[in-house]
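The feature active site, proton donor is assigned by TrEMBL to 85. The Zn(2+) binding site annotation in TrEMBL covers 83, 109, 112. The domain 'CMP/dCMP-type deaminase' annotation in TrEMBL covers 14-137.
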Ligand SMILES: O=c1ccn([C@H]2C[C@H](O)[C@@H](COP(=O)(O)O)O2)c(=O)[nH]1
Ligand SMILES: [Zn+2]
């Protein structure tokens, strides 16, 4: 077979890397000092239909609610923060998420797993699995398995994606 010589640019992003990069770019909006998570929902036509990152609910101040991990539950971020996957579902364009894939920086917790399954999302593509082995992630995996939601860890073709916002510097 003849090699293609169309002059097409090489080094362009694969679909997987592109959607994960969108998730990671969204994560840059997170105010969480320890773990920034972004998520990007994609339909079967490869169209992005929702993005989100972890943050406090609308109207709840990033400057007054706590960002700490330790202490009394009420004084930590955990009761307040909306997870990236939940936000991506809630932010999605009105319609049907059935059959969509979600790209997420972190393997979803059990609460997000429920949201993903109930939304009809059929595939989870994740990068970090840093909470593997916790009860939360074990429960997620259990639910995904039962519900037939496919999970795969992305092996990026491009380990670094550079975005330059200024022509200078
Ligand atoms: O499925 C998930 C799980 C966690 N998050 C968010 C919630 C928190 O803001 C951080 C986790 O903070 P740690 O300090 O690492 O405990 O990640 C999420 O968005 N989605
Ligand atoms: Zn979660």
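Every residue, even glycine, has its Cβ placed from backbone N, Cα and C.
Between the binding-site residues 109, 112, 112 has the most other Cβ atoms inside 10 Å of its own Cβ, all protein chains included. The two recorded residues, residue 109 (Zn(2+) binding site) and the residue listed as 'active site, proton donor', have Cα atoms 9 Å apart. Cβ proximity to the Zn(2+) site centre (mean Cβ of 83, 109, 112, cutoff 8 Å) flags the following additional same-chain residues: 84, 85, 86, 108, 110, 111, 113, 115.
Rounded to a whole number, the C-alpha distance linking residue 85 (active site, proton donor) with residue 112 (Zn(2+) binding site) is 6 angstrom. Neighbour counts of Cβ atoms within 10 Å were compared across the recorded positions 83, 85; the minimum falls on 83. Broken down by DSSP into helix, strand and coil, the domain 'CMP/dCMP-type deaminase' (14-137) contains 36 helix, 25 strand, 63 coil.
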